[in-house]
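Below is one structure, written out as structure tokens, with a few remarks after it.
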Amino acid sequence: MSGSLGRAAAALLRWGRGAGGGGLWGPGVRAAGSGAGGGGSAEQLDALVKKDKVVVFLKGTPEQPQCGFSNAVVQILRLHGVRDYAAYNVLDDPELRQGIKDYSNWPTIPQVYLNGEFVGGCDILLQMHQNGDLVEELKKLGIHSALLDEKKDQDSK
């Protein structure tokens, strides 16, 4: 990452660590493990990415991300109040890890899917967060971003 994207990701990582660990995730977040039934075939992956409105393939779980980029994705979703999503830990299944890279033709993890469509990784999600596109995409899915409430509260003061 370069410049402002790197600084913003670093700030998110620091914020996430200081926000307190446990109890952040509501009942909607499903750390689904590999969930692919021991494989990463295109048919299985197609079913996984279309199963939920928001699907994330990451290293680790939302409660314990195992890399900074996965942590940043989790924190961005948390900032927006997105709690109902499926999270698949690619570290649990090497076939899933390679399969999702082949499926998306994207070489890195994490990977984010909205309504069955590949969005990108950490850098893309961070950019969408910064420029407001993520709020709009979530709105299309019927998901209200918590940042809208925060902005409304600030505007009323």
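Cβ atoms here come from the backbone N, Cα and C positions, even for glycine.
Of the listed candidates (ILE109, ILE143), Swiss-Prot assigns ILE109 to the same glutathione site as LYS59, ARG97, GLN98, GLY99, ILE100, LYS101, CYS122, ASP123. The recorded positions considered are LYS59, ILE100; of these, LYS59 has the fewest other C-beta atoms within 10 angstroms of its C-beta. LYS59 (N6-succinyllysine) carries neither a helix nor a strand DSSP state and counts as coil. Between the CA atoms of ILE100 (glutathione binding site) and LYS59 (N6-succinyllysine) there is a gap of 12 Å, rounded to the nearest whole number.
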